[in-house]
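Peer 1: Mind looking over this structure? Questions follow.
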C-alpha cells in the first residue's frame, strides 16, 4: 500500500486550489477489543478527522469527496469494523479500488493476544460480536480466521496486549502525531525472556551473553538506566563491538523497509528479567540507530519494574 503523504492545504484567502488537495488517509481496523475506539480518540486529539464504523463500501466515496473538497481535511482516519464475511469482502474490494485509483493510504491493524481479548470482554461485560451464543474464545477464533489476510497486508500491526488505555494512546501519538509522515519508525524494546517474547517483535537481540549485573551486589537493586549498570554492561568484553556490528548488519534491512514502504518495526532486546542488560543495550542501540536519516526511534522497557 502506498505511503501516505499529507497534501498541500487550501489557500488561506479561501480560494479554491487549482488541483485537488490530497488528504492523508489512514484505515484503522483490527480485532474487536484490541482498542479501535481508543486509537480513534487519540487520533482525534492530534488533529485527525475521524469517521467511525464506516461501512467498507463507502470508503472510496468518502476518500474521493475529501480529496476533492475545496478545503481538504489533511488527515482523515476511517475506523472500519469488519465482523462478517460480507463486510470483509467489501473492505478488500474497497482497498483494492483505492490502490488502483492512486489514493495514498495506510492500514493500521490493532491486535492483542486471545487471553487479553477475553479479559477485556469479560471486564466490559459484553459479548464478542461473532460469539453467537458460544464462548468468547469462539468469537475471537472466528474473527481471527476472517481477518488474517487483512492483518498480513496491513502497513502497521500494533499489538496492544501490554497496553492500558493510556499506553495505547501514547503509542498512537508516537506513530501519528507529527505533521508529516516519517519514512520509518523504530521501537527498540527491552524485555525479559522469562516473561515471554514480545509478539510484535520484528527482530530479537539476545543480550544474555553479557555478564549479569544481578550477581554484583551493589548493582543488583539498580537498572540498566542507571549509569553504573550501563557502564558495567557496555564495558563488558565485546558488547560495544556487538552493538556496532548489529547496527551495520541491520542497515540494509532498514533501507529495504523504506523501499517497501514499511513504516514501523520493533527491535526487541532481551535478557533474563528485562532489568539490567537488555535495558542498557536497548538504550545504546537506540542512540546509534537515531543517527540514521529518515528514522525516528522510540525506546520502551516492557518488563522494567516487573520484578
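Cβ atoms are placed via backbone N, Cα and C, with glycine included.
Pulled these features from Swiss-Prot for this protein:
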BINDING   30, 31, 32, 33, 34, 35, 36, 37  ATP binding site
BINDING   81, 82, 83, 84  GTP binding site
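What does the local environment look like for each feature on the list?
Peer 2: Applying an 8 A CB threshold to same-chain residues 6+ apart, the list for residue 31 (ATP binding site) reads 110, 111, 112, 117, 140, 143, 144, 147.
Taken residue by residue with DSSP, residue 82 (GTP binding site) is part of neither helix nor strand, so it is coil. Listed in sequence order, the residues of the same chain lying 6 or more apart from residue 82 (GTP binding site) and placing their CB within less than 8 Å of its CB are 29, 56, 88, 91, 146, 147, 150.
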Peer 1: List, in sequence order, the residues of the same chain other than 30, 31, 32, 33, 34, 35, 36, 37 whose Cβ lies within 8 Å of the centroid of the Cβ atoms of the recorded ATP site.
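Peer 2: For the ATP site, the extra neighbours are 110, 112, 160.
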Peer 1: Near the Cβ of residue 32 (ATP binding site), how many other Cβ atoms are there if near means within 10 Å?
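Peer 2: Its Cβ shell of radius 10 Å holds 23 other Cβ atoms.
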